[in-house]
(Lines of atoms letter the chains of each structure in order from A and count residues from 1; the text may use other names and numbers.)
(Lines give C-alpha, C1' and ligand atoms only; values in the text may rest on other atoms or scores of the structure.)
Protein backbone atom coordinates (compact mmCIF):
# COMPACT_ATOMS: atom_id res chain seq x y z
CA UNK A 1 0.00 0.00 0.00
CA UNK A 2 2.91 2.35 0.65
CA UNK A 3 4.31 1.70 -2.83
CA UNK A 4 0.84 2.06 -4.36
CA UNK A 5 0.35 5.35 -2.51
CA UNK A 6 3.71 6.67 -3.66
CA UNK A 7 2.96 5.87 -7.31
CA UNK A 8 -0.44 7.53 -7.01
CA UNK A 9 0.96 10.68 -5.38
CA UNK A 10 3.66 10.78 -8.07
CA UNK A 11 1.21 10.48 -10.97
CA UNK A 12 -1.40 12.90 -9.60
CA UNK A 13 -0.50 16.57 -9.88
CA UNK A 14 -0.14 18.74 -6.76
CA UNK A 15 -2.30 21.82 -6.24
CA UNK A 16 0.65 24.19 -6.67
CA UNK A 17 3.26 23.87 -9.45
CA UNK A 18 5.98 22.44 -7.25
CA UNK A 19 8.49 19.67 -7.99
CA UNK A 20 8.07 17.32 -5.04
CA UNK A 21 10.97 15.15 -3.94
CA UNK A 22 10.35 11.45 -4.62
CA UNK A 23 11.70 10.41 -1.24
CA UNK A 24 9.40 12.91 0.51
CA UNK A 25 6.44 11.55 -1.44
CA UNK A 26 7.29 7.99 -0.41
CA UNK A 27 7.74 9.21 3.18
CA UNK A 28 4.25 10.74 3.04
CA UNK A 29 2.77 7.56 1.59
CA UNK A 30 4.35 5.42 4.33
CA UNK A 31 3.13 7.92 6.91
CA UNK A 32 -0.41 7.51 5.57
CA UNK A 33 -0.27 3.71 5.28
CA UNK A 34 1.09 3.35 8.83
CA UNK A 35 -1.36 6.02 10.09
CA UNK A 36 1.57 7.95 11.57
CA UNK A 37 1.00 11.47 10.12
CA UNK A 38 4.70 12.32 10.12
CA UNK A 39 5.00 15.24 7.69
CA UNK A 40 7.78 15.93 5.22
CA UNK A 41 5.59 17.96 2.81
CA UNK A 42 3.10 20.70 3.66
CA UNK A 43 -0.44 19.35 3.43
CA UNK A 44 -1.84 22.26 1.41
CA UNK A 45 0.54 21.38 -1.42
CA UNK A 46 -1.53 18.30 -2.23
CA UNK A 47 -4.43 18.53 -4.67
CA UNK A 48 -7.94 17.30 -3.95
CA UNK A 49 -7.28 14.03 -5.82
CA UNK A 50 -4.08 13.43 -3.84
CA UNK A 51 -5.93 14.07 -0.58
CA UNK A 52 -8.58 11.53 -1.58
CA UNK A 53 -5.85 8.99 -2.31
CA UNK A 54 -4.35 9.60 1.12
CA UNK A 55 -7.83 9.21 2.63
CA UNK A 56 -8.12 5.79 0.97
CA UNK A 57 -4.70 4.73 2.29
CA UNK A 58 -5.53 5.83 5.82
CA UNK A 59 -8.92 4.10 5.81
CA UNK A 60 -7.73 0.79 4.36
CA UNK A 61 -4.61 0.57 6.55
CA UNK A 62 -6.27 1.77 9.76
CA UNK A 63 -6.70 -0.64 12.66
CA UNK A 64 -10.51 -0.57 12.52
CA UNK A 65 -10.64 -1.67 8.87
CA UNK A 66 -7.84 -4.25 9.10
CA UNK A 67 -9.42 -5.84 12.18
CA UNK A 68 -12.77 -5.96 10.37
CA UNK A 69 -11.07 -7.61 7.38
CA UNK A 70 -9.51 -10.15 9.74
CA UNK A 71 -12.96 -11.00 11.08
CA UNK A 72 -14.36 -11.62 7.61
CA UNK A 73 -11.40 -13.87 6.75
CA UNK A 74 -11.83 -15.70 10.06
CA UNK A 75 -15.52 -16.19 9.29
CA UNK A 76 -14.78 -17.79 5.92
CA UNK A 77 -12.08 -20.02 7.45
CA UNK A 78 -14.52 -21.18 10.13
CA UNK A 79 -17.07 -21.96 7.43
CA UNK A 80 -14.65 -24.23 5.57
CA UNK A 81 -13.59 -25.91 8.82
CA UNK A 82 -17.20 -26.48 9.77
CA UNK A 83 -17.92 -28.09 6.40
CA UNK A 84 -14.88 -30.31 6.81
CA UNK A 85 -16.14 -31.35 10.26
CA UNK A 86 -19.53 -32.27 8.82
CA UNK A 87 -17.86 -34.44 6.20
CA UNK A 88 -15.86 -36.24 8.87
CA UNK A 89 -18.98 -36.78 10.98
CA UNK A 90 -20.82 -38.25 8.01
CA UNK A 91 -18.18 -40.96 7.69
CA UNK A 92 -17.49 -41.33 11.42
CA UNK A 93 -19.54 -44.55 11.86
CA UNK A 94 -19.07 -45.94 8.37
CA UNK A 95 -15.89 -48.01 8.27
CA UNK A 96 -14.16 -47.84 4.94
CA UNK A 97 -13.14 -51.40 3.90
CA UNK A 98 -10.85 -51.53 0.88
CA UNK A 99 -12.28 -53.65 -1.91
CA UNK A 100 -10.18 -56.75 -2.49
CA UNK A 101 -11.75 -59.79 -4.19
CA UNK A 102 -9.14 -62.11 -2.68
CA UNK A 103 -9.80 -61.05 0.92
CA UNK A 104 -12.66 -61.81 3.29
CA UNK A 105 -13.13 -59.60 6.37
CA UNK A 106 -14.72 -61.37 9.37
CA UNK A 107 -15.91 -59.33 12.35
CA UNK A 108 -16.32 -61.32 15.56
CA UNK A 109 -18.68 -59.44 17.88
CA UNK A 110 -20.87 -60.23 20.88
CA UNK A 111 -24.48 -59.91 19.79
CA UNK A 112 -25.56 -58.98 23.29
CA UNK A 113 -22.91 -56.28 23.65
CA UNK A 114 -23.59 -54.92 20.20
CA UNK A 115 -27.30 -54.69 20.76
CA UNK A 116 -27.27 -53.53 24.33
CA UNK A 117 -24.18 -51.36 24.55
CA UNK A 118 -23.12 -50.56 21.01
CA UNK A 119 -26.33 -48.77 20.17
CA UNK A 120 -26.06 -46.65 23.32
CA UNK A 121 -22.44 -45.79 22.59
CA UNK A 122 -23.27 -44.70 19.08
CA UNK A 123 -26.23 -42.70 20.31
CA UNK A 124 -24.04 -40.94 22.88
CA UNK A 125 -21.36 -40.26 20.26
CA UNK A 126 -23.94 -38.89 17.87
CA UNK A 127 -25.32 -36.56 20.55
CA UNK A 128 -21.85 -35.24 21.35
CA UNK A 129 -21.07 -34.71 17.67
CA UNK A 130 -24.41 -32.96 17.13
CA UNK A 131 -23.76 -30.66 20.11
CA UNK A 132 -20.31 -29.87 18.77
CA UNK A 133 -21.82 -29.14 15.37
CA UNK A 134 -24.38 -26.78 16.88
CA UNK A 135 -21.73 -25.01 18.93
CA UNK A 136 -19.43 -24.72 15.93
CA UNK A 137 -22.26 -23.39 13.79
CA UNK A 138 -23.16 -20.83 16.50
CA UNK A 139 -19.54 -19.71 16.73
CA UNK A 140 -19.33 -19.34 12.95
CA UNK A 141 -22.52 -17.27 12.87
CA UNK A 142 -21.28 -15.18 15.79
CA UNK A 143 -17.97 -14.38 14.09
CA UNK A 144 -19.82 -13.46 10.90
CA UNK A 145 -22.29 -11.37 12.90
CA UNK A 146 -19.44 -9.56 14.67
CA UNK A 147 -17.90 -8.78 11.28
CA UNK A 148 -21.12 -7.17 10.09
CA UNK A 149 -21.45 -5.23 13.36
CA UNK A 150 -17.91 -3.91 12.95
CA UNK A 151 -18.57 -3.00 9.31
CA UNK A 152 -21.89 -1.32 10.07
CA UNK A 153 -20.61 0.67 13.05
CA UNK A 154 -17.57 1.79 11.04
CA UNK A 155 -19.73 3.07 8.20
CA UNK A 156 -22.12 4.84 10.59
CA UNK A 157 -19.24 6.50 12.45
CA UNK A 158 -17.70 7.85 9.25
CA UNK A 159 -21.01 9.06 7.82
CA UNK A 160 -22.15 10.72 11.05
CA UNK A 161 -18.75 12.25 11.76
CA UNK A 162 -18.29 13.64 8.25
CA UNK A 163 -21.83 15.05 8.31
CA UNK A 164 -21.33 16.75 11.67
CA UNK A 165 -18.02 18.35 10.68
CA UNK A 166 -19.37 19.44 7.30
CA UNK A 167 -22.47 20.93 8.88
CA UNK A 168 -20.39 22.80 11.49
CA UNK A 169 -18.05 24.34 8.91
CA UNK A 170 -20.97 25.34 6.70
CA UNK A 171 -22.77 26.91 9.67
CA UNK A 172 -19.99 28.67 11.61
CA UNK A 173 -18.58 31.68 9.67
CA UNK A 174 -15.09 31.63 11.26
CA UNK A 175 -14.51 27.97 10.39
CA UNK A 176 -15.97 28.41 6.90
CA UNK A 177 -13.68 31.37 6.26
CA UNK A 178 -10.55 29.36 7.13
CA UNK A 179 -11.50 26.60 4.70
CA UNK A 180 -12.41 29.09 1.98
CA UNK A 181 -9.15 31.03 2.32
CA UNK A 182 -7.13 27.83 2.04
CA UNK A 183 -9.07 26.70 -1.02
CA UNK A 184 -10.03 23.34 0.47
CA UNK A 185 -13.35 21.67 -0.30
CA UNK A 186 -15.61 21.42 2.74
CA UNK A 187 -16.57 17.84 1.86
CA UNK A 188 -12.94 16.82 1.35
CA UNK A 189 -11.90 18.40 4.64
CA UNK A 190 -14.75 16.75 6.53
CA UNK A 191 -14.26 13.23 5.13
CA UNK A 192 -10.45 13.39 5.31
CA UNK A 193 -10.43 14.64 8.91
CA UNK A 194 -12.94 12.09 10.22
CA UNK A 195 -11.31 9.15 8.42
CA UNK A 196 -7.93 10.26 9.77
CA UNK A 197 -9.34 10.71 13.28
CA UNK A 198 -11.07 7.32 13.47
CA UNK A 199 -7.95 5.62 12.07
CA UNK A 200 -5.85 7.49 14.70
CA UNK A 201 -3.70 8.96 11.94
CA UNK A 202 -3.64 12.68 12.75
CA UNK A 203 -3.36 14.09 9.24
CA UNK A 204 -5.51 17.16 8.51
CA UNK A 205 -5.68 18.90 5.09
CA UNK A 206 -4.45 22.22 6.56
CA UNK A 207 -0.76 23.00 7.02
CA UNK A 208 -1.23 23.94 10.66
CA UNK A 209 -3.26 20.84 11.49
CA UNK A 210 -6.08 22.05 13.80
CA UNK A 211 -4.16 25.00 15.27
CA UNK A 212 -6.20 27.32 13.03
CA UNK A 213 -9.37 25.98 14.69
CA UNK A 214 -8.29 26.15 18.34
CA UNK A 215 -10.85 28.91 18.97
CA UNK A 216 -13.60 26.77 17.43
CA UNK A 217 -14.36 24.73 20.54
CA UNK A 218 -17.51 23.31 18.95
CA UNK A 219 -15.51 21.68 16.15
CA UNK A 220 -13.01 20.23 18.62
CA UNK A 221 -15.86 18.79 20.72
CA UNK A 222 -17.39 17.20 17.60
CA UNK A 223 -14.10 15.52 16.68
CA UNK A 224 -13.13 14.50 20.25
CA UNK A 225 -15.51 11.48 20.62
CA UNK A 226 -14.15 9.99 17.39
CA UNK A 227 -10.62 10.32 18.79
CA UNK A 228 -11.65 8.09 21.70
CA UNK A 229 -13.78 5.66 19.69
CA UNK A 230 -11.19 5.10 16.99
CA UNK A 231 -8.40 4.43 19.44
CA UNK A 232 -8.19 3.84 23.20
CA UNK A 233 -11.92 3.25 23.74
CA UNK A 234 -12.73 1.26 20.60
CA UNK A 235 -13.03 -2.01 22.54
CA UNK A 236 -15.51 -0.59 25.12
CA UNK A 237 -17.44 1.07 22.28
CA UNK A 238 -17.71 -2.23 20.40
CA UNK A 239 -18.79 -4.03 23.58
CA UNK A 240 -21.47 -1.36 24.15
CA UNK A 241 -22.80 -1.70 20.59
CA UNK A 242 -23.05 -5.50 20.95
CA UNK A 243 -24.81 -5.14 24.31
CA UNK A 244 -27.37 -2.71 22.87
CA UNK A 245 -27.99 -4.95 19.85
CA UNK A 246 -28.44 -7.92 22.18
CA UNK A 247 -31.08 -6.04 24.20
CA UNK A 248 -32.91 -4.86 21.08
CA UNK A 249 -32.67 -7.87 18.71
CA UNK A 250 -32.25 -10.66 21.31
CA UNK A 251 -30.26 -12.89 18.94
CA UNK A 252 -28.24 -15.71 20.47
CA UNK A 253 -25.15 -14.67 18.49
CA UNK A 254 -24.78 -11.46 20.52
CA UNK A 255 -25.07 -13.38 23.78
CA UNK A 256 -22.46 -15.87 22.58
CA UNK A 257 -20.08 -13.05 21.61
CA UNK A 258 -20.33 -11.43 25.05
CA UNK A 259 -19.83 -14.69 26.94
CA UNK A 260 -17.18 -16.23 24.70
CA UNK A 261 -15.09 -13.19 23.79
CA UNK A 262 -11.86 -15.21 24.07
CA UNK A 263 -12.98 -17.96 21.69
CA UNK A 264 -13.98 -15.42 19.02
CA UNK A 265 -10.30 -14.52 18.63
CA UNK A 266 -10.81 -10.79 18.04
CA UNK A 267 -8.16 -8.48 19.52
CA UNK A 268 -10.68 -5.70 20.25
CA UNK A 269 -13.17 -7.85 22.13
CA UNK A 270 -12.83 -7.75 25.93
CA UNK A 271 -14.90 -8.78 28.90
CA UNK A 272 -17.22 -6.26 30.52
CA UNK A 273 -14.95 -5.85 33.55
CA UNK A 274 -11.90 -5.41 31.31
CA UNK A 275 -13.71 -2.68 29.38
CA UNK A 276 -14.63 -0.80 32.56
CA UNK A 277 -11.04 -0.97 33.78
CA UNK A 278 -9.80 0.20 30.40
CA UNK A 279 -12.14 3.21 30.50
CA UNK A 280 -10.95 4.03 34.03
CA UNK A 281 -7.29 3.76 32.94
CA UNK A 282 -7.80 6.03 29.92
CA UNK A 283 -9.64 8.63 31.99
CA UNK A 284 -6.96 8.41 34.69
CA UNK A 285 -4.16 9.06 32.20
CA UNK A 286 -6.14 11.93 30.70
CA UNK A 287 -6.77 13.48 34.11
CA UNK A 288 -3.06 13.43 34.97
CA UNK A 289 -2.17 15.00 31.62
CA UNK A 290 -4.97 17.56 31.80
CA UNK A 291 -4.05 18.81 35.27
CA UNK A 292 -0.33 19.06 34.48
CA UNK A 293 -0.96 20.65 31.07
CA UNK A 294 -3.26 23.33 32.46
CA UNK A 295 -0.90 24.02 35.36
CA UNK A 296 2.15 24.54 33.15
CA UNK A 297 0.60 26.03 30.01
CA UNK A 298 -2.39 28.08 31.21
CA UNK A 299 -0.70 31.46 30.70
CA UNK A 300 1.73 30.39 27.99
CA UNK A 301 2.13 31.77 24.49
CA UNK A 302 0.03 28.93 23.09
CA UNK A 303 -2.99 30.11 25.10
CA UNK A 304 -2.97 33.71 23.87
CA UNK A 305 -6.32 34.87 22.49
CA UNK A 306 -8.33 32.09 24.15
CA UNK A 307 -10.93 32.54 26.87
CA UNK A 308 -11.23 30.14 29.81
CA UNK A 309 -13.70 27.82 28.08
CA UNK A 310 -11.59 27.66 24.91
CA UNK A 311 -8.45 26.94 26.95
CA UNK A 312 -10.14 24.02 28.72
CA UNK A 313 -11.48 22.45 25.51
CA UNK A 314 -8.23 22.95 23.58
CA UNK A 315 -6.18 21.48 26.46
CA UNK A 316 -8.47 18.45 26.71
CA UNK A 317 -8.27 17.93 22.95
CA UNK A 318 -4.47 18.17 22.92
CA UNK A 319 -3.78 15.74 25.75
CA UNK A 320 -6.33 13.24 24.40
CA UNK A 321 -4.53 13.15 21.05
CA UNK A 322 -1.27 12.16 22.70
CA UNK A 323 -2.80 8.64 22.81
CA UNK A 324 -2.55 8.18 19.79
CA UNK A 325 -4.50 10.16 17.22
CA UNK A 326 -1.88 12.89 16.72
CA UNK A 327 -4.04 15.90 15.87
CA UNK A 328 -2.83 19.09 17.49
CA UNK A 329 -4.15 22.55 18.37
CA UNK A 330 -0.93 23.92 19.90
CA UNK A 331 2.60 24.51 18.67
CA UNK A 332 4.48 21.68 20.41
CA UNK A 333 7.83 23.45 20.17
CA UNK A 334 6.48 26.15 22.51
CA UNK A 335 5.39 23.65 25.19
CA UNK A 336 7.45 23.11 28.34
CA UNK A 337 9.93 20.25 28.42
CA UNK A 338 7.96 18.52 31.19
CA UNK A 339 4.90 18.29 28.94
CA UNK A 340 6.98 16.95 26.05
CA UNK A 341 8.44 14.23 28.27
CA UNK A 342 4.91 13.36 29.44
CA UNK A 343 3.78 13.13 25.82
CA UNK A 344 6.73 10.83 25.04
CA UNK A 345 5.57 8.43 27.78
CA UNK A 346 1.93 8.55 26.62
CA UNK A 347 2.88 7.95 22.98
CA UNK A 348 5.00 4.95 23.95
CA UNK A 349 2.18 3.22 25.85
CA UNK A 350 -0.02 0.96 23.65
CA UNK A 351 -3.66 2.09 23.23
CA UNK A 352 -5.02 -0.73 25.40
CA UNK A 353 -2.66 -0.14 28.31
CA UNK A 354 -4.69 -1.00 31.39
CA UNK A 355 -4.39 -1.10 35.17
CA UNK A 356 -5.62 -4.63 35.87
CA UNK A 357 -5.67 -5.51 39.58
CA UNK A 358 -7.60 -8.75 38.91
CA UNK A 359 -6.97 -11.86 36.86
CA UNK A 360 -8.46 -11.63 33.38
CA UNK A 361 -9.05 -14.50 30.97
CA UNK A 362 -7.70 -12.54 28.02
CA UNK A 363 -4.40 -12.02 29.82
CA UNK A 364 -4.27 -15.49 31.37
CA UNK A 365 -4.48 -17.20 27.99
CA UNK A 366 -1.46 -15.22 26.76
CA UNK A 367 0.79 -16.94 29.31
CA UNK A 368 2.53 -19.44 27.11
CA UNK A 369 5.98 -20.84 26.76
CA UNK A 370 8.23 -18.65 24.63
CA UNK A 371 10.64 -20.02 22.07
CA UNK A 372 14.39 -19.38 22.04
CA UNK A 373 13.92 -17.06 19.07
CA UNK A 374 11.43 -14.92 20.99
CA UNK A 375 13.69 -14.74 24.03
CA UNK A 376 16.63 -13.55 21.96
CA UNK A 377 14.66 -10.64 20.49
CA UNK A 378 15.29 -7.20 21.94
CA UNK A 379 12.61 -5.35 23.87
CA UNK A 380 10.72 -2.46 22.31
CA UNK A 381 12.70 0.08 24.37
CA UNK A 382 15.98 -1.45 23.17
CA UNK A 383 15.01 -1.01 19.52
CA UNK A 384 13.84 2.57 20.12
CA UNK A 385 17.12 3.41 21.86
CA UNK A 386 19.01 2.05 18.87
CA UNK A 387 16.87 4.13 16.48
CA UNK A 388 17.46 7.31 18.50
CA UNK A 389 21.22 6.68 18.55
CA UNK A 390 21.26 6.06 14.79
CA UNK A 391 19.42 9.33 14.08
CA UNK A 392 21.78 11.20 16.39
CA UNK A 393 24.61 9.80 14.25
CA UNK A 394 23.04 10.68 10.90
CA UNK A 395 22.09 14.17 12.12
CA UNK A 396 25.25 14.85 14.15
CA UNK A 397 26.08 17.97 12.11
CA UNK A 398 22.66 19.49 12.80
CA UNK A 399 22.95 18.60 16.50
CA UNK A 400 26.15 20.65 16.69
CA UNK A 401 25.20 23.59 14.48
CA UNK A 402 21.45 23.84 15.18
CA UNK A 403 20.91 22.57 18.76
CA UNK A 404 17.67 24.47 19.41
CA UNK A 405 15.91 22.63 16.58
CA UNK A 406 17.91 19.40 16.65
CA UNK A 407 18.41 18.18 20.21
CA UNK A 408 18.06 14.82 21.91
CA UNK A 409 14.62 15.60 23.39
CA UNK A 410 13.17 16.67 20.04
CA UNK A 411 14.66 13.66 18.27
CA UNK A 412 13.36 11.34 21.00
CA UNK A 413 9.89 12.87 20.63
CA UNK A 414 10.09 12.35 16.85
CA UNK A 415 11.13 8.70 17.14
CA UNK A 416 8.58 7.78 19.82
CA UNK A 417 5.90 9.62 17.84
CA UNK A 418 6.75 7.57 14.73
CA UNK A 419 6.79 4.36 16.81
CA UNK A 420 3.42 5.15 18.41
CA UNK A 421 2.06 6.19 14.97
CA UNK A 422 1.02 9.48 16.52
CA UNK A 423 2.54 12.27 14.42
CA UNK A 424 3.53 14.74 17.13
CA UNK A 425 6.56 16.84 16.26
CA UNK A 426 8.24 20.01 17.46
CA UNK A 427 8.74 21.00 13.83
CA UNK A 428 11.50 23.28 12.59
CA UNK A 429 11.79 27.03 13.00
CA UNK A 430 14.27 29.34 11.29
CA UNK A 431 14.03 31.67 14.31
CA UNK A 432 15.65 29.04 16.51
CA UNK A 433 18.78 28.83 14.35
CA UNK A 434 21.96 29.97 16.13
CA UNK A 435 23.50 30.89 12.80
CA UNK A 436 20.83 32.59 10.72
CA UNK A 437 20.45 31.18 7.22
CA UNK A 438 19.18 33.72 4.71
CA UNK A 439 17.74 30.95 2.54
CA UNK A 440 15.82 29.32 5.39
CA UNK A 441 12.04 29.32 5.01
CA UNK A 442 9.64 28.25 7.72
CA UNK A 443 7.47 25.32 6.64
CA UNK A 444 4.65 23.50 8.43
CA UNK A 445 6.43 20.16 8.44
CA UNK A 446 7.79 17.88 11.15
CA UNK A 447 11.38 17.76 12.33
CA UNK A 448 11.82 14.57 10.30
CA UNK A 449 11.07 16.61 7.17
CA UNK A 450 14.30 18.55 7.81
CA UNK A 451 16.41 15.46 8.38
CA UNK A 452 18.77 13.96 5.85
CA UNK A 453 17.53 11.11 3.68
CA UNK A 454 19.30 8.67 5.98
CA UNK A 455 17.43 10.10 8.97
CA UNK A 456 14.13 9.97 7.08
CA UNK A 457 14.78 6.34 6.13
CA UNK A 458 15.25 5.45 9.80
CA UNK A 459 11.96 7.22 10.62
CA UNK A 460 10.27 5.16 7.87
CA UNK A 461 11.61 1.97 9.46
CA UNK A 462 10.34 3.15 12.86
CA UNK A 463 6.87 3.85 11.42
CA UNK A 464 6.64 0.31 10.00
CA UNK A 465 8.05 -1.12 13.23
CA UNK A 466 5.49 0.78 15.27
CA UNK A 467 2.56 -0.23 13.08
CA UNK A 468 3.51 -3.90 13.42
CA UNK A 469 4.68 -3.77 17.05
CA UNK A 470 1.98 -6.11 18.35
CA UNK A 471 3.84 -8.98 16.65
CA UNK A 472 6.98 -8.27 18.69
CA UNK A 473 5.77 -7.42 22.18
CA UNK A 474 7.49 -10.41 23.86
CA UNK A 475 11.08 -9.45 23.15
CA UNK A 476 13.73 -8.86 25.79
CA UNK A 477 12.73 -11.81 27.99
CA UNK A 478 16.25 -13.24 27.99
CA UNK A 479 17.49 -10.25 29.98
CA UNK A 480 17.33 -10.27 33.75
CA UNK A 481 17.74 -7.07 35.72
CA UNK A 482 18.47 -7.39 39.44
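Each residue, glycine too, has its Cβ placed from N, Cα and C.
Curation plays no part in TrEMBL annotations; they are all automatic predictions.
TrEMBL has this to say about the protein:
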TRANSMEM  51-73  transmembrane segment
TRANSMEM  145-169  transmembrane segment
TRANSMEM  189-207  transmembrane segment
TRANSMEM  219-245  transmembrane segment
TRANSMEM  276-296  transmembrane segment
TRANSMEM  329-349  transmembrane segment
TRANSMEM  376-394  transmembrane segment
Cβ contacts under 8 Å made by the transmembrane segment (189-207) with residues that lie 6+ beyond its boundaries: 31-32, 35-37, 39, 42-44, 46, 51-52, 54-55, 58-59, 61-65, 154, 157-158, 161-163, 165-166, 169, 178-179, 182, 223, 226-227, 229-231, 321, 324-328, 351, 421-423, 444
Contact call for the transmembrane segment (276-296) against the transmembrane segment (219-245), three or more Cβ pairs under 8 Å: yes
Considering the transmembrane segment (145-169), which listed stretch of 51-73, 219-245, 376-394 counts the most C-beta pairs under 8 Å: 219-245
Remote residues contacting the transmembrane segment (219-245) - C-beta distance under 8 A, at least 6 residues beyond either end: 62-64, 146, 149-150, 153, 157, 161, 164-165, 168-169, 172, 175, 193-194, 197-200, 210, 213, 251, 254, 257-258, 268-270, 272, 274-276, 278-279, 282, 313-314, 316-317, 320-321, 323-325, 327, 329, 351-352
Outside the transmembrane segment (51-73), six or more residues from its ends: residues with CB under 8 Å to it: 1, 4-5, 8-9, 12, 28-29, 32-35, 143, 146-147, 150-151, 154, 188, 191-192, 195-196, 198-201, 203, 205, 230, 234, 266-268, 467
